[in-house]
């Protein structure tokens with residue numbers, strides 16, 4: 001009888017039940033795991049699980065998921081039991097989904113099944129390994145789970161069988177899931193950064209909503225699995241493509257395509273996907289080389305203290321002018337692989353240790369790169385689809401460069417100033433670059449002689465537009481923190497910060513690029529240009545969020561207009577559009593430097609402090625390009641051309657996928673860099689802090705290597721709690737658009753005030769502190785002749801007491817009147833704080849001890865005392881203080897990191913009014929009484945590591961050992 005019962009089934013089948021029971025079992029058990037933990041946790045440990053690092057009940061009254069399922073017995077154990085039970089139905093659900101959606105020759109069902117399995121395994125990882133067990137692995141597995149949720153969710157929508165109800169539910173639940181992430185992140189920041197009472201409770205509700213939506217999304221499979229009888233027979237034919245719905249299949253396909261932005265609408269082929277990946281990586285290599293050129297040029301005027309002659313290498317970018325010579329143009333176009341391969345010289349430059357030859361190597365790489373890309377665009381201009389693919393790849397390469405710089409704390413891992421010792425991945429990057437360039441150039445050139453050059457419009461106007469566009473995206477978008485620092489205004493935080501909000505810039509860049517590809521007509525008009533000009537004005541004139549909103553408007557526009565503008569320029573004479581275009585770009589780069597380096601360059605005073613002129617010029621040149629675009633209905637012709645050839649634009653789905661992957665990688669890096677704000681000073685038990693001042697010479701050492709790692713090591717080994725950094729503003733093209741303070745602050749566990757932003761025309765002053773910065777203001781001191789003198793005035797919470805810290809860089813020796821005015825301004829500023837408040841000045845004063853302006857800084861007006869007035873061998877760096885017990889002072893040699901030593905001093909904060917009274921009443925003789933190291937407690941001493949010859953070229957010098965003082 002058994003054979004007759006199963007005569008319509010495959011041999012060996014002995015059990016049959018409907019497949020939807022797997023979905024329901026998974027749903028019920030998964031919900032039971034979380035809800036049982038919530039109920040039991042609230043019943044047994046309510047006050048403990050609602051408490052967080054800042055607040056408890058009644059400010060916070062609902063527990064987060066992690067607190068509920070975390071470390072407490074018995075809820076954790078019950079949760080884990082249910083999760084273990086869930087794993088069986090979960091794997092079965094993933095397997096059934098694959099069987100339902102698999103079709104011969106289709107790769108996507110396999111990829112989605114693999115992502116489902118990995119997602120299940122990582123879920124088990126972060127639930128069984130709590131943050132208490134191993135914080136790093138818990139976070140890594142949680143990130144992987146979230147990352148693989150994206151392809152699982154979108155892939156399930158794309159692969160949905162023709163079931164209208166299931167597709168509708170999946171779209172709504174997926175939209176709710178991803179929509180919940182926005183308020184979730186917002187309230188997490190409110191809790192973590194701004195410490196808003198009650199914010200974590202609201203965050204917890206959104207976190208629980210994610211759990212509900214996550215499980216509910218998989219529960220929808222019950223509507224599809226009723227077609228299965230386990231093991232496994234398709235009783236309705238859905239897996240064969242039959243449409244059991246009353247809604248036509250074509251309609252449902254359009255719904256699925258709309259929900260997934262068409263990413264999965266066409267078949268997936270590995271070859272084209274690798275082509276696009278290679279193109280984007282090659283674009284990344286170009287941007288990595290180009291952005292490194294200014295940095296290696298900057299090394300020379302930095303050490304020459306003026307124009308060195310090597311600045312001429314900035315003109316390496318104008319190599320496309322050679323394409324105006326027909327034989328050379330034919331040579332380059334027909335041998336594109338050779339010239340693209342030669343452009344990789346910029347990546348090999350890290351092997352060249354002599355700075356001069358390293359600059360030559362990078363310059364050669366940039367020369368070849370600009371020439372090769374211009375030739376490629378010109379050659380591909382006869383094929384709109386291929387040209388568009390190249391342009392998108394080039395712009396996506398810029399996006400990838402910005403993301404890599406964020407992950408490496410504003411350094412690019414394949415720059416020639418990087419190597420293994422400071423975090424470089426040069427070798428890996430070079431190998432990938434070789435593979436990418438070989439694939440990038442595997443297709444034959446399409447046009448050698450420029451017979452398709454368009455005569456309509458002006459090549460010169462197009463060149464102006466290209467120059468302004470390239471300068472704008474390089475100066476503003478090559479690092480995610482650049483525009484954030486333009487609008488930075490100090491503490492308390494009232495605007496975006498680089499390691500929390502940088503994704504907004506990436507999102508705007510991505511969105512702008514997609515607009516330029518899919519809706520170019522939105523930006524190729526004067527209205528959009530006018531909106532972009534408003535955004536530029538907002539960024540230039542305003543601080544905080546309002547200024548940053550302008551930055552996001554401008555970012556979106558620049559990325560969007562780049563696609564049609566470069567595409568139009570490629571169809572004209574490349575020698576003009578790109579050769580002359582890069583010339584205009586170079587003039588703007590020099591203008592960009594002149595506004596701050598005016599004291600060292602010819603004609604500098606005429607453009608001094610005029611970033612507004614740069615922005616105006618940039619937008620006007622872009623406007624020239626827009627005029628060329630819109631004249632003669634050019635934008636409509638471009639759009640029409642795009643529409644006519646839509647069938648050949650299959651590359652777009654791969655580019656969208658690459659952009660999505662890059663965004664995910666950025667978010668992973670963003671999560672890993674999210675600040676903890678749980679920083680601890682080195683000697684809290686003694687109420688002692690160590691303060692230092694260091695001129696870091698723009699974070700390039702004597703041998704042209706980026707010096708952040710070496711600075712980090714010295715600061716950490718000296719146990720510095722508060723440090724002022726000078727010559728720290730690196731947010732210009734010529735300096736690589738970097739920010740050393742991000743790496744130092746996050747690696748050392750310190751709060752950071754970047755100081756006056758890059759649009760304030762100073763060389764930079766920054767403050768890093770182990771103690772919370774309660775308030776800070778930025779000052780530009782009087783500088784009628786020479787360079788601007790920046791200062792930071794910050795109030796810190798040091799062991800519960802308010803301590804004011806001033807960081808200051810005086811003007812040059814050649815400008816005595818500037819320095820006199822600055823000394824008077826700063827003395828009044830230091831004297832303006834409450835009379836009994838402790839204060840420290842970390843400064844670069846340019847004066848001899850006990851002479852001239854020194855007596856203004858150390859005066860009754862300021863109330864400040866010299867850290868050691870007997871130290872006669874000083875000119876630049878000084879530490880002053882008041883209302884603190886100074887216990888030690890040392891000078892540590894710089895090695896080859898910079899051109900200036902690190903000065904450090906130790907202070908004890910008075911703990912009560914009696915201590916304050918003794919400090920205020922102390923005479924000069926008492927304050928300056930020196931003692932031997934053995935007479936002070938161990939916690940007050942400087943590290944013995946730097947005695948004698950020290951380590952790595954760092955040792956106590958001038959007086960060869962620390963000095964100690966004590967008068968209590």
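Cβ atoms are placed via backbone N, Cα and C, with glycine included.
Record note: among 201-223, 224-246, 201-223 is the stretch given as transmembrane segment by TrEMBL. Of the listed segments 258-279, 280-301, 302-323, TrEMBL assigns transmembrane segment to 280-301.
Annotated range for transmembrane segment in TrEMBL, selecting from 140-160, 329-349, 686-706: 140-160. Sequence-remote contacts of a segment are chain residues at least 6 beyond its ends whose Cβ falls under 8 Å from one of its Cβ atoms, and for the transmembrane segment (548-566) they are 377, 388, 391-392, 394-395, 462, 465-466, 469, 472-473, 476-477, 483-484, 486-487, 495-496, 501, 504-505, 508-513, 515-517, 520, 522-524, 528-529, 531-532, 534-540, 542, 622, 625-626, 629, 635, 638. Counting C-beta pairs under 8 angstroms (sequence separation of 6 or more), the transmembrane segment (654-672) reaches the transmembrane segment (500-518) with 3 or more such pairs. Tertiary neighbourhood of the transmembrane segment (423-440): same-chain residues 274-275, 277-279, 281-282, 285, 288, 337, 340-341, 343-344, 347-348, 350, 408, 411, 413-416, 709, selected by CB-CB distance under 8 Å and a gap of 6+ residues from either end. Among residues of the same chain six or more beyond the transmembrane segment (578-601), those with a C-beta under 8 A of the stretch's C-beta atoms are 294, 301, 305-307, 314-315, 317-324, 370, 374, 377, 459-460, 462-468, 470-471, 474-475, 569, 607-611, 613-614, 617-618, 621, 732-734, 761-763, 786-787, 812.
Using a Cβ-Cβ cut-off under 8 Å and counting only residues 6 or more beyond its ends in the same chain, the transmembrane segment (460-488) has close neighbours at 287, 290-291, 398, 401-403, 405-406, 410, 495-498, 501-503, 505-506, 509, 539, 542-545, 547-548, 551, 554-555, 558-559, 561-562, 565-566, 568-569, 572, 576-585, 587-589, 592, 617-629, 731-733, 737-739, 742, 754, 757-759. If one looks beyond the transmembrane segment (500-518) by at least 6 residues along the same chain, the residues whose Cβ comes under 8 Å of a Cβ in the stretch are 189, 193, 388, 392, 395-396, 398-399, 402-403, 406, 477, 480-481, 483-484, 548, 551-552, 555-564, 652, 655-656, 659, 662-663, 666-667, 670, 674-675.
For the domain 'PGAP2IP C-terminal nuclease-like' (687-937), the model's pLDDT averages out at 94.
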